[in-house]
Amino acid sequence: MTDSAAIPAPSALPEEEVRRLLAFDRAHVWHPYSSALRPSVMQFAESASGVRIRLRPADDPGRTVEAIDAMASWWCAIHGYGVPELDAAARQQLDAMGHVMFGGLTHAPAISLAEKLIALAPGANGTIGGTGAAGDPGAHDVGDDETLQHVFLADSGSVSVEVALKAAWQYHALTGRPRRRMFTIRGGYHGDTFGAMSVCDPVGGMHSLFTGVLPEQLFAPRPPAGVDRAPDDPEIVAWETETRALFAAHADDIAGVICEPVLQGAGGMHAYSPHCVRVLAELARANDSVLIFDEIATGFGRTGTFWAADRVGVVPDILCVGKALTGGYATMAAMLCAPRIARGVSAEPAGALMHGPTFMGNPLVAAIAGASLDLLRRDDPLPRVARVEGGLRESLAPAAGFASVADVRTLGAVGVIQLREPVRAAEVAALALDHGVWVRPFRDCVYTMPPFVAEPDDVAAIGAALVTAVGEVHGR
Ligand SMILES: *Cc1c(COP(=O)(O)O)cnc(C)c1O
């Protein structure tokens, strides 16, 4: 852990005040997936700059330490912290207006964000074949309906998934016979609201807690691990057979197919073959089920292509984006859909997509998100991501030899050490922090998704800290 004065400290709080705030936090404030009775230890974050967070450690809040953020604040802060362009966009927008309602009013930040999203979306510039028929890009005409042209700005990733599911249900309810169910693969994560939860992995998402409350969806097996598996790999063939059979048995009732293409994030950092995504796409297309790609985690370059869909070669009917959309500054997500879906959803009698959050299209956040997309258009993130990937591959490699480690893998700016047992998360995180790295392991994974702007030294430090922490806590 490096004591350092590199980050300007706008308000270094007195130690007693930090202690008081931490005590109140323990007693009164929910954190993600937390227990009110057994709250876990919280580090006190004071400020952040570049790829570092300035912390007051819980066990010694008199000290100030800087830690490299190996999580990019849950995969969002792709440009790092204190980004001049994003700061400027926020300040400038504040001078105009922080918020106005989106019902009956519109404004430049939201319109311009939608314009940029449509221009960057999968298929927008003809780079994707836009056909569900894998390996046959000429199978049908690329027309209007092969691009994503309609944008719904949502307040969070989960809400964008709710809107996508609602659109799929409405599409069928209004254009043909109602269909009730969503088809997905096990191991997914799509958010914490009820619709989104219903398509999360039934075990990982603890569906048993919510029996009778959650809609019951259809779950194909989790595709076998490995991006490079060939379509004729026996495990892939077995997966495909089972998946096709399940789909066929319920086809009439399947309103939509949803997945995180190529990389399942919160469900265990599970990378799988684009071929499996093509199979899902083909099943959806042949059955007029709405194809939804949840790229909330994978979008904007994270997995080494701008969209995970680029690896698949399929333009979905609906795309959900979030997380890195705002460069990690504030919460906003979006649902983009093809004209065909927009027309279906808007059919009578409803005549409208029935969703409209209070803070929809918030101008302040939209301005920041627009500035983040400008940065991505100005500086292609893919070479940076490739550089991070190279650094992670090298620095995580030593863990592959540990007896405690089942697998070490990288995909774009994602590095994973998968253990043979559930990770002792608090111990691993504490040790990594001692080595100057902020990490938050989960399940059986110690993983990193650093900001794309992480320098080779930062990436090497992350890798070294993770390898050391895993080795010391779980054994070499
Ligand atoms: C994080 C995430 C969500 C939920 O987004 P929130 O902003 O946390 O609601 C949905 N889908 C995927 C793939 C995610 O990674």
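Glycine is treated like the rest: Cβ placed from N, Cα and C.
Record note: TrEMBL gives GLY157, SER158, PRO357, THR358 as pyridoxal 5'-phosphate-binding, and the candidate from ASP95, ASP228, ASP288, ASP294 in that site is ASP294. Substrate binding, as stated in TrEMBL, involves TRP74, TYR189, LYS323, GLY356; the candidate among ARG440, ARG476 given for that site is ARG440. If you draw a 10 Å sphere around the CB of SER158 (pyridoxal 5'-phosphate binding site), it holds 21 other CB atoms from the protein chains shown.
Among the listed binding-site residues, namely TRP74, GLY157, TYR189, the Cβ with the most fellow Cβ atoms inside 10 Å is that of GLY157. Among the binding-site residues SER158, ASP294, ARG440, the residues whose Cβ lies under 6 Å from any atom of ligand 1 are, in sequence order, SER158, ASP294. Neighbour counts of Cβ atoms within 10 Å were compared across the binding-site residues LYS323, ARG440; the minimum falls on ARG440.
In terms of C-alpha distance, the listed binding-site residues TRP74, TYR189, LYS323, ARG440 place LYS323 closest to THR358 (pyridoxal 5'-phosphate binding site).
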